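These features come from TrEMBL:
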ACT_SITE  Asp224  active site
ACT_SITE  Glu242  active site
ACT_SITE  Glu243  active site
BINDING   Asn227, Gln241, Tyr282  substrate binding site
DOMAIN    1-155  domain 'PARG helical'
DOMAIN    203-398  domain 'PARG catalytic Macro'
Amino acid sequence: MARLVLDMPQMFATPPPLLTPMEVGDQVEANAADDARRKTRVVTQSHRFTKLQVLTLVCGCFFGMFPDQDIVKQAQFELSPQTRKAGRRGSSNDDIIQFPYFTAVRMFSAPGHMGKMVVLKGHKLRCILQYFLRVVPRVASDREALSTEVIDFTRVGVHLPGADGRILSEQTPQELLAMIGTASDFPQTVNQVDDDGVDTPRMHSAKCVSDILIEDLDKHLQIDFANKFAGGGVLNSGCVQEEIRFLLSPELLVSCLIFAKLESHEAFVIHGTERYSAYQGYGGSFVYGGNFQDSTSLISQPDGCFRRQCVIVGIDATDYGSAQVERQYTRGHVWRDLVKAYAGFAYPNAYDDGRCWPVATGNWGCGVFQGDRELKFLIQWLAASLRHRDLVYVLFERDLDLQTKVNPLLELAASPKAHEWDRQSAGLTQWLVGFLFDELSNGRGTRGEQGVLTRAVVSLKRALATFQHSDVETKQPENSPQVHTSPLSSESKQSISSTPFRRENQTDDMAEASKKKPKTMKKELHQTSCTFSEAALDVSMATFVALATTAMGSRMASAGEKLTTATTSSEARVIRRAMALANFVSYGNEMTGMPAAPALILL
């Protein structure tokens, strides 16, 4: 290890670049002047290290060789060490580019009264030592392999045209969807065509699993619930999801050296690391679990190098623990999380055979940051779909109740009607954007006892009923042209034109009818009213009235034909109810002399 560190000046004759926030400045302004270029742009900057170089840098970190490296943008500002230290974690000073710590010195001590912390840091160090025990001997025995296996570190940024807060508040959900859905950065080998002529991506599949961990899902984007400083507290006392992932694969620690603090539209990606340790526990109960043999495949690269098929994506969440939790349901915060997830899922080099790898994620920012699990699921599902990726949502045993809330929504989204809607016009995608940016933000998250997913199910049912009604209206001119021209029969039209209504005649007829069948009339009215109310629960009132009008206008023939060709039991049930209503209205016609449509309106 010492010899590797001493060889560092020769190994890094040219210092590796620091991957800092991407400044677009004048280039974005120039592009904004050209409407043809005003599209979402996914911008990346990367650096490739060999496995040997990464080992050397981690050895330097272990020996505490790297000082804090915050960068002052403008040389005229002279900042004291105290100001720099404060600026790293708490200041919004735009004149400083801030970086994480890249030294293990803090790992070697803990306050004397914190015995549990001493034990925890001991287990964390054991994971790092396992990495050294496995790889350092290979420097002598297999140096060439260490020099040809590579690890890529990439910073991903999403640049949106005119996406400042002022414009965001004025834009409709459809405009926001058009803005973020216009990125054209996909590799040519990736199939982006979801359906016939629909530009907006359709919603991709999503599922919840609890029998596997994120780090065990090969050929997935493994999401790291990151700190805005890569690694979080891995080199100090932290030991939650991000820190544990870095301890299992200490090659990830190099991200603390080269990634500056993430901005709201950025993510970091590490492609090619290997896992060396097993573990048990979480947080304060974390313990080293022994050696781990990583079986992830190595893929040959065009330059003759090899890269392991492991992709880890860091996206940082907003901390709502120190502020009002309700803020996360506002447009600005939902948009921030959508863009953040979109940036992480936009990494372009994770696909096979023309298909993008799925996203393996979970309750992002839902611990001490107090994020809403149900909201985070919807945001990540939408972001993954916009990047043509499926979603695998990993739950711990304590979170299994979330699965019972997610499943009804996923089942509804997988129904034939929803599939047809999405195929025709990306309807599910447009619905979810509208729900997140209109319905949810206006209702501020929850109403009474209703959670986000419960409200989403109700909203989607309503949207599908509207689509069903519009679909029926579209098909009616083909099946029932007379309904399109007029809901009245030709005989009814003649009756209207030739015989004006006389109130006294109506009164006499109705009185006569009441003498003949008073009980039957009341019974039929009661039954039909109940039937109509039931049907209103299944479909919109407009759809039901349209079916009833069809039945009356064609003297039940068209409705009977619909009944014999109904494809589902629910369709048949609705048509039978419509026919029952038509029978009642026809009976009313005999009693009142009124034509079919006015009788229906009267009812």
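Any Cβ shown, glycine's included, is placed from N, Cα and C.
Since we're looking at a predicted model, the values are computed, not measured.
Everything TrEMBL records as a feature, shown here on the structure.
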residue : record                 : contacts (Cβ under 8 Å, 6+ apart)
Asp224  : active site            : Gln241, Glu242, Arg245, Ile312, Val313, Gly314, Ile315
Asn227  : substrate binding site : Gly233, Glu242, Asp316
Glu243  : active site            : Lys124, Gly231, Gly232, Gly233, Val234
Tyr282  : substrate binding site : Cys239, Val240, Ile244
Max pairwise CA distance, angstrom, over record-listed substrate binders Asn227, Gln241, Tyr282: 17
Other CB atoms within 10 A, centred on Glu242 (active site): 23
Gln241 (substrate binding site) CB neighbourhood, other CB atoms within 10 A: 21
Helix, strand or coil at Asp224 (active site) [DSSP, three-state]: strand
Segment-level pLDDT (mean, integer) for the domain 'PARG helical' (1-155): 83
